[in-house]
Amino acid sequence: AKMAAAASDLLTGWCLFGLALLAILVFCWVYVRKYQSRRESEVISTITAIFALAVALITSALLPVDIFLVSYMKNQNGTFKVWADANVSRQIEDTVLYGYYTLYSIILFCVFLWIPFVYFYYEEKEEDDGNTCSQVKTALKYTLGFITICAVLLLIGAFVPLDIPNKKNSTEWEKVKLLFEEFGSSHGLTALSFSISSLTVIGMLAAITYTAYGMSALPLNLIKGTTSASYERLENTEDIEEVEQHLLRIKSKCRDGRPLSSRDRRTLHQLEERLRTLRRRERHLESIEKSWWTKFCEAIRPLKIVWGVFFIIVALLFTVSLFLSNLDKALHSAGFDSGFIILGTNLTNPLNMLLPVLQRVFPLDYILITTIVMYFIFTSMAGIRNMGIWFFWIRLYKIRRGKTRPQALLFLCMILLLIVLHTSYMIYSLAPQYVMYGSQKYLVQWGVIVATHNQLGNIFRSLLYVSVLFPFNLDQCIVTRTYLFLHKFWFFSAAYYFGNWAFIAVFLIGLIVSCCKGKKSVIEGEVDDDDSDMSDDELSVYYH
């Protein structure tokens, strides 16, 4: 009966996972269709963007599932459940591991092959509307560089030894044989881990740029709201009248047949462009003022404020926990050569304190960890949407509702894929014990422990907590598969450590900037000087 109940619970879990997968696909379709340009939309780029965005969200959702599965196999007293024997637990571990293999391999495929190929194909298509075959050849030529980088990363990860032999008199053949033995024993895990870790460093830079800013901008924008459409329309009308009067003054100079000076002609051209932009703003503001969506947003304004306050609390909890975790590493780790890894927690952060408390009431801890992961992803999307896509100081693309080019959507999805890879390490930095073992407990073998009086006192005090970080018998607890991809290379861990400090600094700067800025325009980013009049038709579907 217990085994049947456990099987029923697992079946229910898989059904919920299937529903979540369906919800992710629907969300990705709505999100991509909402932002893509109607005039420049292409089937292949749309499918690629939806698929890549879905992979990013599914990969981020796998971390809570991994933690739940290792925790579900044990009872509260530290013993394994009846159905969770060695074979069943091994099958569950392998299933989750294969899930990571599959998703990480798909991410490598998207980042190094599929997204670059589709991007360069459409870049070539804009320059040459002729032969499709030549466009494919050119796209493949540029994509070959990304494939080469991926192959190099896989080879380095596969054959660079993690453990250097101490034998000084070993031959070259023995060294080569050791490399192949390590590669065979890891089943390609080290190669994939090195490639993923390399991409994670890039994802860390993207998280510092976009996620840190999005975590401060999104909550404050929800709290402050936008300016009134009627008020903006009144101001816009006054600007139009002022520009028209200025135009009349300049044109009056040439009524007697005298030509305008070069300065007046340049000013006249700028004023005409300014007037054209203001009239486009007028049309957009009029549409927004009459739309049912604006009235609905005004009705749920209190709910937006509540969500904004909740999001800023989560952001502050995340940042304070990350600061304390990094400070703990700075004070108690073995240093740079070890990747700033610490075996234990000396400075407890709020998140590490909250998770053991929530573990007592199922499933509050999983709800919290899922909320943090999803919040990390959605604030990244908000940061990219607000800032646009930059290459150093050069702005490449803007993310605008109904006007985003296919190449910009592909860039957005690639950045999200890289940020998702960094999410697992960020969560591990905040709660290493929870990410490794979940809510598992273990039985202390009193006859085996050899300890001093002070050490025994520490053991008794540790039993007052829900669980202990590192069990005495590693066979009693199952490590999450996520941890297998973390900390294999110390230099990546050191890079993540310094990246966490940069993340905190950018978040604080973004928080100060967001507090000082006023309310956003109700048509923020919708109307630019370089837009054509035809682009006005693309947004009309959202306001009617």
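Including glycine, each Cβ sits where the backbone N, Cα and C put it.
Residues annotated as coiled coil in TrEMBL: 261-288.
Taken from TrEMBL, the feature transmembrane segment covers 12-32 (among others).
Residues annotated as transmembrane segment in TrEMBL: 44-65 (among others).
Within the chain, the transmembrane segment (98-122) has long-range Cβ neighbours (under 8 A, six or more residues past its boundaries) at 42, 44-45, 48, 51-52, 55, 58-59, 62, 135-136, 138-140, 142-143, 146-147, 149-150, 192, 195-196, 199, 406-407, 410-411, 413-414, 417-418, 420-421, 481-482, 484-485. The transmembrane segment feature in TrEMBL is assigned to 98-122 (among others).
Look at TrEMBL and you will find 142-162 (among others) tagged as transmembrane segment.
The transmembrane segment annotation in TrEMBL covers 189-213 (among others).
Per TrEMBL, transmembrane segment is recorded for 305-324 (among others). Counting residues 6+ beyond its ends, the transmembrane segment (305-324) has Cβ neighbours under 8 Å at 215-216, 218-223, 225, 347-352, 371-372, 375-376, 379, 426, 429-431, 500, 503-504, 507-508 in the same chain.
The transmembrane segment annotation in TrEMBL covers 366-396 (among others).
Among the features that TrEMBL reports, transmembrane segment is placed at 408-428 (among others).
Here TrEMBL flags 489-513 (among others) as transmembrane segment.
Summed and averaged per residue, pLDDT over the coiled coil (261-288) gives 83.
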